[in-house]
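Data first, discussion second: the structure below is written as structure tokens.
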Amino acid sequence: ALYDENDESDIVGMNEDISDGVSDEIHIDFNENQGVIPNEIDESDEVGSELSVGELIALAQPDHHGHLTWQLLTFVLLSEVVGAGILSLPSVFSRLGWIPALSLNFMFFLLTSYSGLLIFRASQAFPHTRSFPQLFRTVFQSKSAYGYAAFCVYFLLFFYTTGDLLVQSSSWMAISTKLSRPFSLLITFFASLLVLQARSFQNIAAVSIIGVITILLPATLSIVQLFTADRALYPTGNTALFGAEVVPALVAVLELLYSYAGHVVFLELISEMRTPAHFSRSLWTSQTIIMLLYSAVGSIMYALAGDAQWMQSPFTASLPPGGLKFVVQLLIIVHVTAAGAINATILTRAVQNVLEPLVKLGLRSVFRRKSRKHAPHDIPNLRATTAIDHTISTRMPVGEWKDVSSTKAKEREEAQNTIEASNHPNPTATAEEHLHRGIPRVADQDAWTLPAVLWWLLWTSLITSLQLTVCRIIPSFDSIISFAASIIATQANLIWPGMFNIKIFWHSRLEHSFTKRTLSIIADTL
């Protein structure tokens, strides 16, 4: 929105009350490598000429460069998408029947893979966008569009991560029936908080590998246990080519589609890659593995159980009580904790990037007021050095005092120069110097300094505490999560990708043949 192809730079305004040491206007240069602006976007609009406080804070933050290879990102996508939904597939197959279940699974594989490619294509057109809200703002050049996308995305991530906490809590209670809900939530709080301290996505990728292993292992153990179980206790039910009831079948279709959800964080994950152009490799690899896993687990368990009454959802709950069921439940807890760290990290970082600079600005303002009360003329350093000179002159011999006094005179001169420089910033300073000097910055996720770690611990603690508080205050919050998440996830998975593809590349398609242009628009619309 700030780019002007006719003038290689824009002058953007800055609010004067943000910081005393920031210039009134900033000169921002954009080179050709920062983004490719398609011809479809009208660069003549004035949107972005006046920046809000939030936009200035975002511009002042340090650039982050991704480190993930496409192989590591594949594990992140597998952990993000597969989830505990794989354990409900036998129930989906029993309600749909063989042909609809396998056909829809393959169709949703193609559909969600295509929508993922459309998101990737939009990110290639605007490489500087790191999230759906930023993409909405850039493409539609509207703050309202940005606000709508931010509301949808971050509420969805809040619902996702809260749902993960509820699953963890229920699993702890399943392991030990003596645990109460508050105590299980407390255990969940500390376990999640510990995993979230991984911070960087390079560490989250390692956690994701654990997440993938700890969902495949319990599924495999459960299948083996039920396959070798006594058929008298676990009889095989009937199977059918098509489901008999319409409403349960429609619900099963939505559950199967929801099992491919995860597109809402694709832009963030693309920005974490060392080579973003390789995202399609991760996408196709992960999507193919997911499709094969869903087909295998659903088919094996449906052939084994059919519509038997003993089959529960998730099917790991059908295991007989004993040591194996305890191990399976424990592995599921580890998986949910590891997989939930992906969405929780993205949510926490978004909150931190907005609130932490504002908190630091507020603290800076408070300390400035206090210092001005104790030091008139806003030169506390000079008053302090004067007091030191007086003390030294009364307690040291004259010869020695002269040497120290000359040193203190130099210190006074340096302090005076520092104060004058802060009150009269250099007009020739670059935009980056102005921003970095006037606005607090959030530590990069790869920085492991003590302040960076403590700030991250603060924000993860506050967000996790808020989620657990909501779970305790609002009854049946899991039902609200399912309803709201389904509505928003459908937009991110199926509606937004096609919409962006039409909007961004509409005019470029006019150069194609009528048949190709029509087929592309139909595909995006569908």
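Every residue, even glycine, has its Cβ placed from backbone N, Cα and C.
TrEMBL labels come from automatic prediction, so no person has curated them.
The following features are taken from TrEMBL:
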COMPBIAS  406-415  compositional bias 'Basic and acidic residues'
COMPBIAS  416-429  compositional bias 'Polar residues'
DOMAIN    69-520  domain 'Amino acid transporter transmembrane'
REGION    406-431  region 'Disordered'
TRANSMEM  72-93  transmembrane segment
TRANSMEM  99-120  transmembrane segment
TRANSMEM  145-167  transmembrane segment
TRANSMEM  179-196  transmembrane segment
TRANSMEM  203-227  transmembrane segment
TRANSMEM  247-270  transmembrane segment
TRANSMEM  282-306  transmembrane segment
TRANSMEM  326-347  transmembrane segment
TRANSMEM  447-468  transmembrane segment
TRANSMEM  480-500  transmembrane segment
What stretch of 179-196, 203-227, 247-270, 447-468 shows the most Cβ pairs under 8 Å to the transmembrane segment (99-120)? 247-270
Before we move on, state whether the transmembrane segment (447-468) and the transmembrane segment (203-227) share at least 3 Cβ pairs under 8 Å, counting only pairs 6 or more apart in sequence. no
Where among 247-270, 282-306, 326-347, 480-500 do we find the most Cβ pairs under 8 Å to the transmembrane segment (72-93)? 282-306
With the transmembrane segment (203-227) as the reference, find which of 145-167, 247-270, 282-306, 326-347, 480-500 contributes the most Cβ pairs under 8 Å. 326-347
Hey, which of 145-167, 179-196, 247-270, 282-306, 326-347 has the most Cβ-Cβ pairs under 8 Å against the transmembrane segment (480-500)? 145-167
Comparing 145-167, 247-270, 282-306, 326-347 for Cβ pairs under 8 Å with the transmembrane segment (179-196), the winner is 326-347
